[in-house]
Amino acid sequence: MGTCKYKRVMLKLSGEALAGENGFGIDFNIAMNIAKAVKELVDMGIEVGAVVGGGNIWRGRSGEGMDRTTADYMGMLATSINALALQDSLESLGVDTRVQTAIEMKEIAEPYIRRRAMRHLEKGRVVIFGAGTGNPYFSTDTAAALRAAEIEADVILLAKKVDGVYDKDPHKYDDAKKYDELSYIEVLEQGLQVMDSTATSLCMDNNIPILVFALDNPENIKRVVLGENIGTIVSKK
């Protein structure tokens with residue numbers, strides 16, 4: 001086994017990653033495979049925080065007649081459903097896990113308290129952050145960047161459907177070029193599809209590297225933590 005490159009990581013998963021080929025809902029086989037990969041990190045002594053999107057359950061569209069704020073709050077509830085599903089998969093493997101939500105849901109999760117989250121991580125517990133930032137108009141990418149800064153994570157592991165960052169959509173263009181490394185400024189200036197601009201700026205301001213990789217094989221989570229060059233790293237350069 002290689003040497004761990006990071007001590008504390010923030011894993012950002014899209015809600016669609018949990019849906020698998022169904023495109024909607026939760027594929028519990030996929031949730032379990034992700035949980036197994038996270039367990040490997042915990043067994044290696046790595047402290048893991050996680051943020052899951054909600055797009056497999058709800059994709060709010062203010063343009064379809066719904067109030068944007070209401071749609072965003074519904075999305076926060078969707079992320080909390082995903083957080084509980086991932087917690088269940090992890091705990092079935094014996095991984096001590098806590099869900100903390102930015103909106104109080106005391107019957108099912110702890111409220112987000114930074115000091116408590118840090119203490120859980122130090123004790124080897126996985127902490128899953130639900131309900132985004134608790135505020136409308138902010139994405140779960142921004143929530144991941146914010147929580148990563150607050151818990152002093154060494155890196156954000158950004159699991160996507162593609163194996164890195166490209167200059168254009170590799171599913172549409174055969175000549176799409178993959179980047180091995182990028183600076184935050186390059187991502188922002190070129191409008192590259194990594195995180196949204198708010199999240200990218202937050203990572204830049206706090207010098208948090210973003211490691212983009214494909215989740216088609218959950219083993220990739222361990223591989224990137226061990227330093228394998230299988231994705232794109234976004235940093236100050």
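FYI, residue positions are counted from 1 along the chain as it appears here.
Every residue gets a Cβ built from N, Cα and C, even glycine.
According to Swiss-Prot, the protein has these features:
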BINDING   LYS12, LEU13, SER14, GLY15, GLY55, ARG59, TYR166, ASP169  ATP binding site
BINDING   GLY54, ASP72, THR133, GLY134, ASN135, PRO136, TYR137, PHE138, SER139, THR140  UMP binding site
REGION    20-25  region 'Involved in allosteric activation by GTP'
Listed binding-site residues (GLY15, GLY54, GLY55), ranked by Cβ neighbours within 10 Å, top entry: GLY54
Assigned element (helix, strand, coil) containing GLY54 (UMP binding site), judged by DSSP: coil
Tally of residues which DSSP labels helix, strand or coil - the region 'Involved in allosteric activation by GTP' (20-25): 3 helix, 0 strand, 3 coil
Binding-site residues: TYR137, TYR166 - member with fewest neighbouring CB atoms within 10 Å: TYR137
Site of maximum Cβ density within 10 Å, from binding-site residues LYS12, ARG59: LYS12
Environment of GLY54, ASP72, THR133, GLY134, ASN135, PRO136, TYR137, PHE138, SER139, THR140, the listed UMP site - residues of the same chain whose CB lies within 8 A of the CB centroid: GLY75, MET76, GLY132, THR142, ALA143
